[in-house]
Structures are given as C-alpha cells and as structure tokens.
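As recorded in TrEMBL:
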type	residues	note
DOMAIN	502-840	domain 'USP'
BINDING	Asp892, Glu894, Asp1001, Asp1058	divalent metal cation binding site
REGION	1096-1122	region 'Disordered'
Amino acid sequence: MEADWAEKARITVAGPSLGGAPASSITAFAFDTGQELLWTGDGDGRVTSFYGLELQRYTSWRAHTSSAARGVPGNTPVRQLLFCEKGVISLSTRGVHCSSRRGLTQWNVELPDMLDLRCMCFTGKLPSAREIVVAGCQRQMYRIDVEKGCVVETLTPDTMVPYTMMRRATNYVCAAAHDGSIHLLDPNTLSDVQRWQAYAGTVNDMDTRGDHLLTCGWTQQQYNGIRLERLVRVYDLKHLRPAAPISFAQGAAYVRMHPKLSSTCIVLSEHGAINSIDVLNQDAPVMRYANTFDAQLTGLQLMPSGKGFAMSDTHCQMVVWGSQAKLQYTEYSRPTEFPDPVLQTKQLSWTVDLPFNLIGMPYYREALLSGWPNSLVHEVGAPPPRIEQAFLATLRKTDCGMVGPHQRKTRRYEVEDTRASQRVHDALATPRFLSEKPRGENGTRRPERGLSEDIGKILNSLSLNGGSKGDVLAYYRPVEIKYSKFGVDDFDFRYFNKTRYSGLETHIVNSYANPLLQLFRFTNVIRNLALRHTAKDCRSESCLLCELGFLIDMLEKAGGQNCQATNLLKALSKQPGAAALAVLEDHTMSTPLTIMVQNLNRFMLGKLEDCFRKVTYNLNELQAALGTKGSAFSRCTHCGYEDAKEQLWYSHDLMYPSKQPKHSPRAMRYAFTRLLQDSVHRYDQQRGYCNRCQGYKAITSRRVVHAMPAVLMINSAIHTPEARQLWATPGFLPREVGIINANSQFYCYEGQDLQLHLQRRTHAITVYELVGMVADVAAGEAQKPHMVAIIDTGISDPDVSRTGDWHLVNDFLVRPIAQEEALMFDPRWKLPTVLAYQMKQRSHDVDDSWKSTIDTSILHRSVAQPAFDPTYQFMTLSEADLPGPQTHCAIDAEFVRLLREEIDIGADGSRTITRPARSGLARVSVLRGDSPHASVPFVDDYIAVEEPVDDYLTQYSGLHAGDLTAGVSQYTLVPLKEVYKKLWVLLNLGCKFIGHGLTSDFRTINIHVPEDQVIDTQDLFSLGHRSQRKLSLRFLAWLLLQEDIQRSAVAGHDSIEDARTAYKLWRKYLEYEAEDMLEDVIDDIWRKGRPLDFKVPLEDPNDGGRTPRASAPGTPSRTPATVVKTPGRLAVVDFGSPLK
C-alpha cells in the first residue's frame, strides 16, 4: 500500500425492493480476474457487475431464486463468486450457478440434498483448473465440472465438518469450519491432511498465498465474551507449523494477501483501520484509516493487479481505494463487450405530399463506397519497400530505434514499385522435372541444361552490395524437393548444384544435421580419422564413426551428385542418450535449431571416442586430433579446499563479456581471440558441494590447458542481444588464430599481433585456420530458422595452391561465394552456430592410404542360407580369390516398404507428394562374375529390420511377415551395417557391379558407385531415341535368353535369380557387341516388344502351359540354361516391380 492510496470511488449497491421488503445487503463481492469488472452478490440471489473506476453499472441478473414469501428477506444469498473462462460462478445456499459475463446462463446445479452450502474453490491450479469443490454446513461435498456444468462426484465423509470458507493453496485446499478449526485437504481426494483448532469462535476471514495461511476470527475474552482477536494468525504450509502472528490492536476482521508481493498482507478492522504488513518483517507496517460514516465494514477484496482494493459495509456501499494514477483492476485485462448503441430512426409522416428524396431508400448505416472522398482511395496490399540487410547492419541503436544515413536509390519524386521488386526477390523457382525436359537424338537428356531466362537473370544479379537488384537471401532459404509420379529420381538436383561438391537431401528425419556433417567432411583431420577407422574391422552395429566414414567416402565419390545421410541418421537415432540431449527431431518440440546443432556437435564428438575405443584401446590418435587435454581445478572459497582432475574437452562454448553499464564512459571492443582465450582457459564461480565443508558453498573453477588438438570445435553459444550485436562487427571472425600454450598460460592472437609473434618466434605458436561454420539463417520474416554450412573447400583439396575457395552448402544447393560474404554476419538473419578451426599445417593433408589397408575379413565371414532347395548353391570367398579392380560381381537387392508416402490433396483435387515412401534393405545377393565359379553367390544376406514394416512387397521381394524378424525368421539374419560394409569393401577394391536397375538399388542402399564400376543391363539394352521406356529384366530374359523368370507373385522375385539373369544378359551383350550386331538386336527388341507392350505374354492354354520361345534376333534358337532358384516359389503372373 503506497503513500498516495486513498478513497477513489463509493457507490451504493441496493437491490430492488419487492413487496416492501428492505434493500438486500451485499453478501459477496470480488474483482474479475480477466476484465475491468467488480462483481457483487446480494441477499436476494442477484449478481451485479460494475465497469471501470467509475463503477458504471454493467450487467445484473437473478442467479438464484428465493423460496421465501413476498415481503420478507430472501433465503438464497450469494455466498461466494468465482471466475472461469465461461463466466461467473456464484454460490448460494441451495445451488451453484454459472452465467456469462453478459448474463446468459451457462449452467445451474441444484440438488435436493443441497441444503446449506457456504463455500467453494478450485481444486486445480489456475488458469487450467476445470473442477470446483463445493461444501457447507452439511454432510455432502460435491465436485463440479465447470466446463460441463455437472456434478462429477458426491463425497460423504464419515464425520460431518461444517465448512464455511475455502481457499486454494499451492498443495492443499485450506478450509475453515464453523467451530473455529482449520483443515488442510488433499486437492485430489479431499481427505484431511492436517487439522487444528484455531479459535474458540468461528473463523471470520482467511486467505493464502505461497506457503503462508493467514486467518482472523473470534476468540474468548476474559470479561468481554467472544470478540475479534487482535492477532492475525500465520501458518507455515511448507513445514506445517504456526509462524509468528501479526499484531493488530483494533481487532482483525478481514485479511488478504497481496497478489504481487508474496509476503505482504492487508488487514482491515470493522471500523476502518487498515494496515499493510510484511509477514516476514512486521517492524514497519503502513497504516491508513477509512471513513466508514458510522457503518461497519463487512468485507475486503484486493484487485488482481495489486494496485487497489474494495470494501463493503452495512450501508450497502462499495468503497474503492487505490492510487488515481495507477489504479486498474487487472494487469492484462481483456476488452469488455458492450451492447451496440440503439440508433434513433427518423420518424416520417407518410402523406401524399411527402417528397421521395426525404425517404432515403434504401437506408444504410454506413457511408457507401461510392461516397468516399478521393483522399481515402489508395492502393492497398502493396508490400513495403525492401531494406537491404547490408544497410541494416550499418545502423546504430538509440532509444527511439535504429538510426543511420538514408541510402536513397530513386529520385525524390519517384515511387518504388514494390510489387515488381517482390516478384524479383522471390525465392528460387522449382525447376522442371527431368521427365519434362527435352532429350537429345540418342534418347538421353541433354547434358547442358540452362536455367530459365528469368531465373537466370535473378541468380546472376545476386550480390552483397546494397545496389544489387537481386536478393542474396534466395540462396540461403530452405530448399525443398518436389516429387513427380516417378519419385525423387525425377527431381533435377543439378539445377541447384553446378559444383563438384555433393549436397545432402532433406526428406529424411534429423536432416537438420546436414550442415554439421558437411563441416566434418571438409575437416581433413576428421575425414582422415573416420576413413582410417572405417577401413578396419569394426563390428559395432551402430558405430557413428564408421557411418561418418561411409558418408564422407560417398560424398567424395559422388563428385557433385546429391547424396543422403540415411544410414548415419538412423544410427544416430539408436544411440543411447540421444533423445535426452534433444538431438532428435521426433523427441523434441520446442528446442531451437541452434541449440540442437550445438548439442549434436558435443554429442557426436563424444560418441566418436566411444566408437574409436571399440577397435583400438589406444585413444591417443583421436584425443590428439579432437580433444583439448587439461586439468579442471575447483576451489571452495569458504575453506580453501581445492580439487583437481584431468579432463578432455572435445568442444568449447564461447563466453561473452558481461553487459556494460548503461552510462559507461567508453565502449570496450572485444576481439574474437579474447573470447576464445576466456572460453578455453575459463574461470567461473558457482555454488557447488564441498567435500570438506560437507555442504553447498561458493566454488571457483578454472582450467589449465596442457595440449591443444589438431581441430578446434567451437559452439558460438549466442544467447543475448549484446552477443548477437558483437558478431555484426565487420571482420570480427578471423581467418587465422595463433595459440601459445606454455607454463600453464594460454594466449590467443589474430591479425597483426599474430604476424608479429610469427616474426619474433619467441614462443612456440600454433596457427589454426578457419575451415568453416554452421550458420543459423532466418532468410525472411515468413521463413523458419534454417541451418547452412559455409566452408572453405580449398583447405581439404590436395592442391596446396588452392585456398580461400568458399562455398555455401544449403542442403543440396551448393554454390561458390566470396570470402566477404562468407565471413559477414548480421544479427537479423545470419549468425554462426558451430565453428571449426584446424591446424594450418594439417591443411591439404588428404590421406588415402586407407584404401590399401582395407580389412577384407568381413567378405570371408559370409554364410550360406538354409538350403530349402537342393539346387541352392553358395561358396564363401577364400583368401586366394580376393576381388580386385578387374573383378566382376553380379548384384541384386530386395526391399520392403517401411513407411508409406505422404500425399497432400489440394482444394482442386490435385495430389502432391510431400514425402516419398521410405524403403528398407531386406536382402542382398552378390554373385561371382568371372570364371571359374561364375554366377555362384558369395554373399546372400537377409537384413534384420528393427523398424515396423508397412508392406513386405511379397510379389517383388519374395519376403513374408517374420522373414526379417530376429528369433522368428527361418533365414540367417545380419545387421544392416555388416551388409553395407561388404558392399563398401567391394566398391573400394575396385569391383565392377553387374545388375539391372542398379541406380534405384544403390540409392535405396545409400551407397554411391562411380559410373565406371557399374554395368547396368537396363542401360545396355536401352531403346535410345526410339522410346524412353525402361525394359524390365523379365522381358529381356524372355526375349534374349528364352528364360521365364519372376513368374510367381506369391513367391516373389529371387535376388540370386535376378542377379544371375543380369549376368547372362551382360555376357549376351558382349557377344552382340563383338559380332557388331547390337543395333540390329535393339531394333528387333523394339519391333517385337511394341505389340506386347514390352511385357511377357500370358501363357497359351493350347501350348501345354509353356511360354512361347522365339529365337533371339540374329542368333539361332537355343535351349535355356538351368536356373538355380531359392525354394518355395509358386508360378503366378507378375506385372513388374515398382522399385526397378
């Protein structure tokens, strides 16, 4: 209660007198918790509200009907008022009523056993509470759902307790009984937790807030009988014991806790004495006196804002106290709805002589559009002029906003056409699908595909200077993959990437990690470490270091073609502790993307050590590459006890200087190396547990660095506006930093200081070079935050002359950028998240020695599947027949569908694929392609699938439910990584793979095989300019080999049979090519296939069930070779595989 609080309003609230009955007194009143309304209830059951500080009458209605006779006072007084979203809840003796604030009844509850209700309160915490408990001087208690308006539960305790007041505390429902006792009830069961006798008489008032319960009531005096006690009793609800009472000499009648000050209360006597007292410090109460005009006060309520209070008296008056300048009921009130004013219609005398122009037909309440003045007619909806981001970075912050010189681009009398500029600045247009592009004469798509003319002009104009007509942010915005009926293979990724560096696709869960993975790929130390580990015999199923090596090798071999990190991200989701650290998209909802990437950086670097340890126990190589070795000291400031332990840090979070005082005489300029020095060699103070003091004390901690790693991974940890503004300083991030670590001292240098130390050579200094960063980009107001990688690719090139070759890697969009653009930051749209520095002496150090030391033992561990068919053959590779660059292998794979595609149906009925179907590798068969054991398999693995399988695609895969489930399958199952490692070893040994439709197979397997190692029979027998049709393996085998394969839709395809057929087709192709008759054969295929729609004809019932066998073009008819198939295949007609 402040010094200027005084009486601000007084109004008489008297209900209507019916039948000569006296005016009803105020029996309950309360301030609305959501609007500027003061509510009162009287003895006749009427609820009335008053609006604002002027106490303007707002609404009034009869909530409870009295059963008393006319001329006598009503018997249904309003006992209490509560507020919820639906409106106002009022309690009377015989029922509970809820109405909207406009007076419309929402629900009414009256039961025969409701005889003397006195109090109610919410059982849950506001504002989410949905139930109230109602009690009184009767045995029954009721739970009522305020949303539905029904009794949820009727409680009948064994012992009747006449409750008269209820207040909701933090953990209890505090209830006062008519006999002066106080009860603490459990909010869930409404059972007694604790009870004590507080007064000899009744409890007059009670309130609670936080851990304090305050009561005032009637007590027995020695000579004066029962009277109000001169104390306010205080109870500690946390420890369930009495606290120091508050003395109030005038007799405490009413007490209320302040809604904003947790330990302050206001005490009121019946005759107007007011005290504002701090429960924890009662030495200095604030005292006021209210003029009651010979009336007694009957109630006290505080405003929810804490800026005033209201009192009622026996004269049926409401008195409002507070400060005139600050008085308001609620701190954040919703607007109060008022009825529309009644418009006065003009009365006309309808006579014969009345002119028609006085009638005004028709009558409109608002001015017609045609009657608007020209000054109000203007262009609407035009976007505001675009302000260049480079210009915003030059503005300085003031009290009134941002101030800087105006850079005008037009004349003073010219108006910029913002609609036209908006069309120019739109994001990159989606390219046409590959199937829609023109083809060359040979049937292949033209290799040179230029951008459309309008988009090409936009891209050529993009730059950072303010005079550019283009929008540099177009490259930084999120890019999306569009899907046609041919799937993702029809999307033109080369439209977004003309470089030799491959990007990563985005339609995979946890693909937010793509920029961080690209940063690892271009950091030579991490790249070499991962590939050397992958070449060893690591048998861990979810090894992140192996998966990182697989991904890096795939990105390097792809040479600019798009890739996907499916296997690595799947292994990431299986790591223990990944979900708890908020690095998985499907386990976090509100974590910012910046925090997720920084958590992922720490998590992956720590997991790399665990993966490295599974192959070798010597961690020196990994720790020297990524770990900062040092000691962490913690010292208790109370007893001086100091503890030290050796530690290893794989990443460092930047520490920023504290905020300078508002009127600081001189602004300090901080360099990046100063922040890095304070972050690595940090000093901190916090509370911690001291083993000597046996308690929590102030602990100072510091670090001493012993050895620095080859790669320095830094999390920017930008959390404050001052830190964001610091990165806007031009040239803040240096290309090179020098570190001196000697005699437990750590120093960082950049710029001229670094060059000076390099010239003097006084101390051993290590120079680190910036490899790149992961940047957080918000490219546009409507764009969600997005992560991109900005990398100097020249550092990872073996050519030492290449440096400063900066590239923007935005998922699958890759383009070169200038160094100025790469190192420019703007707190409004571009800030770094993760930085990577590498020792300069390790630049251009690309180690490919792992290719000659690949452990091939995994190829010799392949086992045969159970031989359900006597014709099944399998021969494991021996040490003597190890594959090499001249080795041919026939391969085929089968897949199952793990997830259906997501389709968005537009308002016009159009169907758009938003996420393609996700397939999983189920079976891989690899056959020898050279003599003496040609077409004999040496790899035939079934993969154990842990995820739910949506469809086994039996008619194509030959698999049934349970075939891929461990413990149920009849086959020998192996992990996905083991099968992938076998293919990766064969790939890096230089083997050439023979198969049919290998492009889609390798894409689903998530491996990239160079074109010179792929022999695809689908391309060997391509129709070229004749047709875009892709011929199926079954049709080519029927026509060229006179073999009918894939006949059973129940048994499905057989990967050994398909791989062997592809091998035979390749041998046939070599024969045709040697005899120079390949074009004639393809012409025959075209002529004979068109009438059949390039499908194998159905069996002729007159031909004994045999498929007609025509001679291959230009070759004599021959008997087909015996086909080795796996068992259990039934003969049914097949219609081709959707995965081929």
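Counting starts with 1 at the first residue shown.
Glycine is treated like the rest: Cβ placed from N, Cα and C.
The Cβ of Asp892 (divalent metal cation binding site) lies under 8 Å from the Cβ of Val924, Ser925, Gly995, His996, Asp1001, Ser1055, Ile1056, Asp1058, Ala1059, Ala1062, each on the same chain and at least six residues away in sequence. Within 8 Å of the centroid defined by the CB atoms of Asp892, Glu894, Asp1001, Asp1058, the record's divalent metal cation site, lie the Cβ atoms of Ile891, Ala893, Arg923, Val924, Ser925, Gly995, His996, His1053, Ser1055, Ala1059, excluding the listed residues themselves.
Along the domain 'USP' (502-840), the predicted structure has mean pLDDT 89.
Within 10 Å of the C-beta of Asp1001 (divalent metal cation binding site) we count 23 further C-beta atoms, all protein chains included.
Counting Cβ atoms from all protein chains shown, Asp1058 (divalent metal cation binding site) has 27 others lying within 10 Å of its own Cβ. The Cβ of Glu894 (divalent metal cation binding site) lies under 8 Å from the Cβ of Ala922, Arg923, Val924, Tyr956, Ser957, Gly958, Leu959, Gly1052, His1053, Ser1055, each of these being in the same chain and 6 or more residues away along the sequence.
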